[in-house]
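Student: What follows is a structure written as structure tokens; I'll ask about it next.
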């Protein structure tokens, strides 16, 4: 009994740095400027106001930036799923000449962090006239290093998928393409889910690439936009930044809480166990 | 009857040519083509270019591209900032990996106890993983201001906290801690899955032999989950070398250069000062470090890891 109380106490204390920041972000975004640094700190806004939220949309094209982040993340997720499911399936299931060599070549990409190639990528896209567009933010994750990890995960999943179903499908006269589409892909739903989740989060969090490639505010993505709410001296407008941060973080958090089982277990069991 | 057999034989032989191995080969190549072409275009071509660019200087405004030989590498060796940048990078990575893995393991062990409501705690510990990185960093930046939430709480407890982000030694620790709380949930979940895979009989046997809880943990649990320790340490080390947004938002590399890690220095040189050639040289250095560390960890696998899962 005492051991249980001790464990619960420890867990509750350990929770604080994980939970408090999010709660502090949401409540402080509702406080007037005069109150956000008040001492003693107010756990709940004394005079709640939506002024910071009004400013978020007044100072920047925030709705447009929100849309940019959302549609880029969705396109990247769908694209990565397609590329990695195809390649992962082929590397795991189809015997074709040179497949092992090609797999090693692709996998080597995991050793090359995107930060290493950011300078030449910028120069390449500059040469193609695609800087200050969303193309680099879509093309590089879908086809470059981030999707290599996705392909690896899909391959690991297809490797352990029982052969019998596909063999039965072949006996029934289903071709390879149809087997992939109607048998293998539906069975791979957990792995696809895990890949979708971490791909979406990766794109949603991207910061270095947007600030390198994008220069006009109406092209910005959310992480980049959040840091732009500064006063005339370059100091952060805290309440506005916190309001924008809340708008960015809370919807994803709500989705997570509703689907936390799929998130956590998907990542643990199919995601990174390789 | 004979006719139909002959016809069927013909269709089979034609289908055999097309549906058999050839078709499979072709499909295999088609399936991997996007990934392969993408890797060549967006990973290997830039990697080759980064080596080329490190031997050149590119002036983006004048749009001139001139060969400078080993100049950038000479500059790398004589740059007074490089030792402190490498120091900051090493300190940051080491601190991050140690704190992240030990906290992840602690949380996983706590959640692995037979307790009601561990799912709730698991959700809470994991939740920062899904919070937008920059949003999370901004909130912590707000909390760690001199007159911010952390110091206010300390003051209520009667302690005068430092100016976390503007004091040399505290700034590094602050950035590490912010990053640990953001992502430790991922490693925690991986450890939890590994812990649940440890056979219970081993513990029973050890308990009968009179092994203490600590001995059981050290002699059974740790060896059994060592493949996961290796995996998480590789992921965390690689991730620690890529930390950029947290530093750009929290400290801008300061105070002085105390939190200027290699990626941030690379970004400053290439994209703030437009020294693209030197930026490419720093990228090569980063690549060499990542490669060396990965190979090192991979070799240590033999000595550390009890068995391969």
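Using the three backbone atoms N, Cα and C, a Cβ is placed for every residue, glycine included.
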Student: Please identify the range among B:170-195, B:196-221 that TrEMBL labels transmembrane segment.
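Tutor: Range annotated as transmembrane segment by TrEMBL: B:170-195.
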Student: For the annotation transmembrane segment in TrEMBL, which listed range does it cover: B:123-143, B:144-164?
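Tutor: When B:123-143, B:144-164 are checked in TrEMBL, transmembrane segment belongs to B:123-143.
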Student: Given the ranges B:228-249, B:250-271, which one is assigned the annotation transmembrane segment in TrEMBL?
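Tutor: Of the candidate stretches, TrEMBL labels B:228-249 as transmembrane segment.
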Student: Against the transmembrane segment (B:170-195), which of these stretches has the most C-beta pairs under 8 Å: B:26-51, B:85-111, B:123-143, B:228-249, B:276-296?
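Tutor: The listed stretch sharing the most Cβ pairs with the transmembrane segment (B:170-195) is B:85-111.
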Student: Using a cut-off of under 8 Å between C-beta atoms, tell me which stretch among B:26-51, B:123-143, B:228-249, B:276-296 contacts the transmembrane segment (B:85-111) the most.
Tutor: B:228-249
Student: Determine which residues of the chain contact the transmembrane segment (B:123-143) at the Cβ level, with the cut-off under 8 Å and only residues 6 or more beyond its ends counted.
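Tutor: Contacts with the transmembrane segment (B:123-143): 107, 111, 149-150, 165, 174, 178, 181-186, 188-189, 245-246, 249-250.
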